[in-house]
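In what follows, a single structure is set out as structure tokens and then discussed.
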């Protein structure tokens, strides 16, 4: 059986939504009968919709789900890309008629901010039949591949929007894979950053008495919504943090693949069980108790049965069972309680599922609040006025629970009475927290009507549940099996059941989770190690030995939470090794639940079996099964010689920080790549080094080492990932400015155009500049202009000037996307290196020694991470391999070209034409490797990479 783990679950191919199907191969939607008596009777009996809407509700749930997508990035940039859709593709689609009727074009979601999200209901047979849809599909795929569009289900977009993320906030996504919501969150963390930085640059330019190039419409939009520079921290850079977590290592790698294209230095990806997410130590004052990170916002998009996804997971209709939700309830409560523990006072947790079942929704909210001290400590936020235009229903205040035999129960008292009379074993799977709270005062009543329920018939979407909680005061979570000291009947108590033969109640037992709760609480308030664990004393009462001077010693808190806990009780969602997973498309997985029953879990979260914790922190570096060893994160001193040489070559401004660069190898020396992070990320990594926390990814690759010989050539080129962060601070000596659309079209269309032999004369307004600029990496700034051949938007691209040629350091897919968007040009690219050789496959041509052929560029035109993965044999987690030097090219010396130049073109020692041919052969081979490779994370298919429909 395919299984997942708490805080993470993996669908076979990540395409099936969030659970709600079987482990069998997913059937075609039309082939599955959309009928299940138990499924329909349960929700009809609950009355989740009014009787007058019931038929409309089930009719909608039986229809296939529309496609949907949203435009990503800064608002200004997203609006600019969206305008291309509005101006060009929508008019073409509107002109199509099918069966004598006009076809419905994609529609904007009125409630989504700036209307940047779209939905399309056009049937597949129509899309495949008409050319305008084919053109539109190419646009979607190309823009998705470069990160301008995210394919995402409509209801999945809601939770990040109601989190209300502000500048400087720390955010946690507890169950993040595959990453569509994390992408929304990191966009919010960086909200307005480009506009703020641009305002700072204007201020600096005014102080220095120089002019700044025009901003363009995109930046003008972002700048208009930002305050004045005096109010900015860190020169306008985003100071917030997003930690995206998933319990399964390989799913965490898929998460990295999805969010990495956003190039955020404020992002960290971790790999922990969400129910026991560790406390993260942060720098504190000397002599003071340890400080641990608290979050302003937390998203708990938890594992669920996923019956709200029946429109895209047809197997829900075949396999639905009430056992699915029952088995996940306790896990969901634990995740939410842990989220509330880690939240700042005044912070928000957004809890969401794609389930319709109240046992996974309102019951979880009720149970978690009860464990955390009630409504006086945790407030249910009224979001009825959020996202105007979004249709939603209120949460349920009363509901029933269906047991494994299909019997309905209205209250916990009914269950207890039946247990006394019948002693039914099946009722042991029901727990008190699943039922509505009874006999409470008006002040203690939970306003569950403030929860949001989104149903399929309301706006042609899937089903979804969202609740926003606000922490009013510090909390002390009640251990799971401890009865509350209140006269009211609580929403979360013991899961113990008494035998049928006696009415005597068993005493509440201490569980691993209750010990974890107390450890977490003491770790966060600084008392861990200063007082006894009462939950442990209940198991083994403490006996003081005056001769034992270490009787009060404790393992450090992070080790307790990550490595030193006793083996937990059987996980409600454990999973078999991923190598054994089926490869059938979108086969949703089942999980092993608390009660030993088979349940479904959302496809977004997957996990491997819970590893047996270890007390010895020295074992942290050892490989676990299914999890490769992670290289350490080592920061470079601000005065490191390599950092200094880079800043000198690019004349980087003093305002750009030098103390945030790191490498990924044990030596701590820059070998192949240098990464950049925010200050907060740096502090967390350095403070928790060797403490057992599992960091999978962080940092943006800023510089890549290059085998470029010759005097005054910097061997570190600016990586395309880090260029948007650095370009504004690069000095004029390494800047090339472009103004005309025709010139950019030539550079995008033509690969490796010549500069030597008067080739620069064919390069428009940049010709003289690239002829005279020193060799190496430089920044191409596409400036705005009011001219007919000018640009309304500003762009920045990486450029390499070699001994005899010029090349944009972009992969072919990005070139094609820009050509399609800017010029509506879908014709093939022109590769001058292949034309010069007169053959298609230049990789098979006469091999050329890199040094002889081009002493400066040596493989530089593999200027994309996919190229680095091929040419440098990089791996998916971007770890340095410890090999000294830059880009190794497996080439042999051509005896005719063994005296090639290493200086500027005027000082070549052999015939320039031969040098250019040699250079072109080398670069063409490297580029061919780029084009033959698509870098994807483990477990991610090409189809997912191009078309992400996951929730």
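Every residue gets a Cβ built from N, Cα and C, even glycine.
Predicted automatically and left uncurated, TrEMBL annotations should be read as such.
Checking the ranges 441-476, 477-512, 657-692, 693-728 against TrEMBL, the region 'Disordered' annotation falls on 477-512. Residue 177 (S-adenosyl-L-methionine binding site) sits 15 Å from residue 354 (active site, nucleophile), counting Cα to Cα. Across the structure, residue 179 (S-adenosyl-L-methionine binding site) and residue 354 (active site, nucleophile) are spaced 16 Å apart at their Cα atoms. Every protein chain shown contributes to the tally, and the Cβ of residue 179 (S-adenosyl-L-methionine binding site) ends up with 31 other Cβ atoms within 10 Å.
Listed in sequence order, 156, 159, 160, 173, 299, 301 are the same-chain residues six or more apart from residue 181 (S-adenosyl-L-methionine binding site) with CB atoms under 8 A from its CB. Taking every pair among 175, 176, 177, 178, 179, 180, 181, 246, 273, 301, the residues listed as contacting S-adenosyl-L-methionine, the largest Cα to Cα separation comes to 20 Å.
Cβ neighbour count for residue 175 (S-adenosyl-L-methionine binding site) (all protein chains, 10 Å cutoff from its Cβ): 29. Rounded to the nearest whole angstrom, the C-alpha distance between residue 273 (S-adenosyl-L-methionine binding site) and residue 354 (active site, nucleophile) is 20.
Each of the recorded positions 177, 354 was scored by the number of other CB atoms within 10 A of its CB, and the lowest score belongs to 354.
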